[in-house]
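As written in TrEMBL, here are the features:
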DOMAIN    1-58  domain 'HTH lysR-type'
Amino acid sequence: MEIRQLSYLLEIAKQQNITKAAEALHLTQPTLSKIVKAVEDELGVPLFDRSGKQLKLTDAGAAAIGQVPSVLRAVQDMRTAIDDVAELKVGSIAIGLPPVIGSVFFPRVVSPFQQLYPNIAFQMAEEGAKKIEAMLMGGDLDIGVVVGPVDEESFHAIPFMRQRLALAVHESHKLADRSSVSIAELAEEPFILFSYGFAVRQHVCRACQSAGFEPRIVHSSSQWDLMAEMVGARMGITILPGPICNKIADPRIRVIQLDDPVIPWNLDVIWPKGKYVSHSVRMFTKFIASLTDNGSF
């Protein structure tokens, strides 16, 4: 059964006469009669009572015709929706990123994209990198922003930002006046680090282990601003991404460059290989790639 055949049935029911309906539809009467017979054969029931001068709907016909307007509206709505998606008049993108990244990613990427396409909605999930990767593979997210390195066998990736981690200490700390510090000098310090599952924590712990010690972690949090507050309260030192350190407004805190080794903070936008990618997501990844190509990061 074709959609246009439903509109023919609706016109016949309206005219109660197949000849008049054929004229209104610009069809010949025999052609329209054949179409009606074909639909009735497909459904297995007569739709019209042809015994009188006027065509009347059978009980089955009334039930069927009663559904036709909603079906036609649904088809038109579908076509409109498809056109809207193709023109990015509507759409949604589910994005996962660690809390520490949101304040960097959204102003630089999401905001300018939404200025171009204001009707694209973003749903955000704040999770650690491992959870984001799992949600991407499970289809719960479209896009993820993670700290590299990326599993290139499983994910497409676009470089977003190339930065480094920095040390934050209280102004009274013995290292506060230094311009740079090595990881080895922090062996006896109380660390305030991101919670388990955050890539930054893993990178810091590995750097400490490479320097010959296990960091003494006294507090953990998923919120960088809380970590900064604890440093301001002399509860320990912390290591945060450079762009986040730049957001710390507390005058009690000093930010110091980390050397020997430099701990990179490389952000990548990722999405799974071998899975369907919506038009909105394709356009979003192209937009991010264009920013990268233009050196906007």
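Cβ from N, Cα, C; glycine included.
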Segment-level pLDDT (mean, integer) for the domain 'HTH lysR-type' (1-58): 90
Structural state census, the domain 'HTH lysR-type' (1-58) (DSSP three-state): 36 helix, 4 strand, 18 coil
